[in-house]
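Scroll down for the structure; my scribbles are underneath it.
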Amino acid sequence: MKTLLLTLVVVTIVCLDLGYTLKCNKLVPLFYKTCPAGKNLCYKMFMVAMPKVPVKRGCIDVCPKSSLLVKYVCCNTDRCN
């Protein structure tokens with residue numbers, strides 16, 4: 001009986017995928033934040049003139065369009081930014 005109960009709990013957790021959340025780097029990549037519901041992309045923003053220096057990183061729901069001055073790079077896996 002205990003085995004059956006344990007099996008049901010494990011199957012429920014696997015099927016519902018409880019607790020899956022995306023993790024995105026903050027400005028300093030050593031630190032990250034767990035994204036709230038609905039924000040399913042990580043992003044990195046930097047100035048086009050200085051592409052090696054990110055200005056901002058975090059979670060976002062829709063990837064913004066880049067402009068002549070600012071470029072956005074978006075991705076959807078943990079700590080990919």
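Just so it is clear, glycine is given a Cβ too, placed from its N, Cα and C backbone atoms.
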Practice item. Choose one of CYS59, CYS74: the cysteine that Swiss-Prot connects to CYS63 by a disulfide bond. Key: CYS74
Check your understanding: From the list CYS15, CYS35, which cysteine is recorded by Swiss-Prot as disulfide-linked to CYS59?
Key -> CYS35
Revision key, fill the gap. Checking Swiss-Prot: of CYS15, CYS24, the cysteine bonded to CYS42 via disulfide is CYS24
Study note, to complete from the structure: For CYS80 (disulfide bond), the number of neighbouring Cβ atoms whose distance to its own Cβ is within 10 Å equals 16
